[in-house]
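S.K.: Have a look at this one.
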Amino acid sequence: MAAIKPPMYSVGFMPVLVAGAAVFVTHGVLPWGRVGGLVLASILVIAWLNLSNDAFDANTGVDNTKPESVVNLLGGPSRRTAVLVLAKSLLAAGVGLLAHLIASAPGGDLRPAGLLAFSIACGYVYQGPPFRLSYKGLGEPLCFFAFGPSATTAFYLALQPDGGAAAAAAAAAAGAAGPAAALAAGVPPLVWACALLVGLTTTVILFCSHFHQIAGDTAAGKRSPLVRLGTERGRRVLRAAAIATHAAALGATVAGALPLAAAAATLLAAPAAREMVAFADENHTVPARIAPLKRFAVKWHVLFGFSLCLGLSAARALGL
């Protein structure tokens, strides 16, 4: 079960759900069938990401002592090819479903396809050869942009109701003003605020996954943030990231980008953030004891995301 990493699939469906809540706030309706399809497609893509990362890590030896590695569970490096074939099959299924859902969405907006292609490319260059950017300490920036500004915005655009044609028309009209203007056309500040928050909580999960792997990462030449920082500074960065994320939600409200109800609802996740930080403070010096930190990060991520969705829905329902 650890190899399947069930909690990690929250990073796939949370951008869809938050984007859906943003659509509901903006338009008052939500195409639930499309939401379900995008959740399934996202889970398939995340399964590809997890399996392919295990296969790529088998080449570098960084997972040699990792019992939950799928490659190790199936018999070691000799099973790498089989794992990659399965991973590619899942990716093909996920991309095919995404393509169908985007093509059938009203408005003919092609931006979701481009944004999701960028997110998937980030997933590949994170660990895949010849790039292996995670070995250069760039995994966290890739994670933030892939799941935050890119995927969350893409899902918002893909979930537009019949009025989605207006967003596509606005994008086309803004094209003459440059790519950035075309990308942002029809996307309200609310969506960028939500994308920022999703990106931050998702990135914290990845950051927490490095705490217990410093020795193995160092031996394999992987310069993760924790290899560079050490666990003492790393736990302080984690505390700052948790505080900054909740502060960003409040700041977005002050700036007029996020409804007050949404920012207030995210405070429901604050106890989980405190629990995560306290666990890191207490256990960061012992790899075996700090290993579960990622689970605390996933719990916070899920609670924060669901609370944000709840707050957005309440804002629409109550007219706040």
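Here the Cβ of each residue, glycine as well, is placed from N, Cα and C on the backbone.
As listed in TrEMBL for this protein:
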TRANSMEM  6-25  transmembrane segment
TRANSMEM  32-51  transmembrane segment
TRANSMEM  82-103  transmembrane segment
TRANSMEM  110-126  transmembrane segment
TRANSMEM  138-159  transmembrane segment
TRANSMEM  166-184  transmembrane segment
TRANSMEM  190-216  transmembrane segment
TRANSMEM  237-270  transmembrane segment
TRANSMEM  300-319  transmembrane segment
S.K.: Can you name the far-off residues of the same chain, 6+ from the ends of the transmembrane segment (6-25), with a Cβ under 8 Å from a Cβ of it?
M.R.: 35, 38-39, 42-43, 45-47, 50, 147-148, 151-156, 158-161, 188, 190-191, 194-195, 197-198, 201-202, 205, 259, 295, 298-299, 301-302, 305-306, 308-309, 312-313, 315-316
S.K.: The transmembrane segment (237-270): which same-chain residues, six or more beyond its ends, come within Cβ distance under 8 Å?
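M.R.: Same-chain residues near the transmembrane segment (237-270) but 6 or more away: 25, 189-190, 192-194, 196-197, 200-201, 203-204, 207-208, 225, 229, 276-277, 280-281, 300, 303-304, 307-308, 310-312, 314-315, 318, 320.
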S.K.: For the transmembrane segment (300-319), give me same-chain residues lying six or more residues beyond its boundaries with a C-beta closer than 8 angstroms to one of its C-beta atoms, as numbers and ranges.
M.R.: 7, 10-11, 14, 17-18, 20-22, 24-25, 28, 194, 197-198, 201-202, 204-205, 242, 245, 249, 259-269, 272-273, 275-276
S.K.: Other than its close neighbours in sequence, what residues sit by the transmembrane segment (32-51), given a CB gap under 8 Å and a spacing of at least six beyond its ends?
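M.R.: Contacts with the transmembrane segment (32-51): 5, 8-9, 11-13, 15-17, 20, 70, 83-84, 86-88, 90-91, 93-95, 97-98, 100-101, 105, 120, 123, 151, 155, 158-159.
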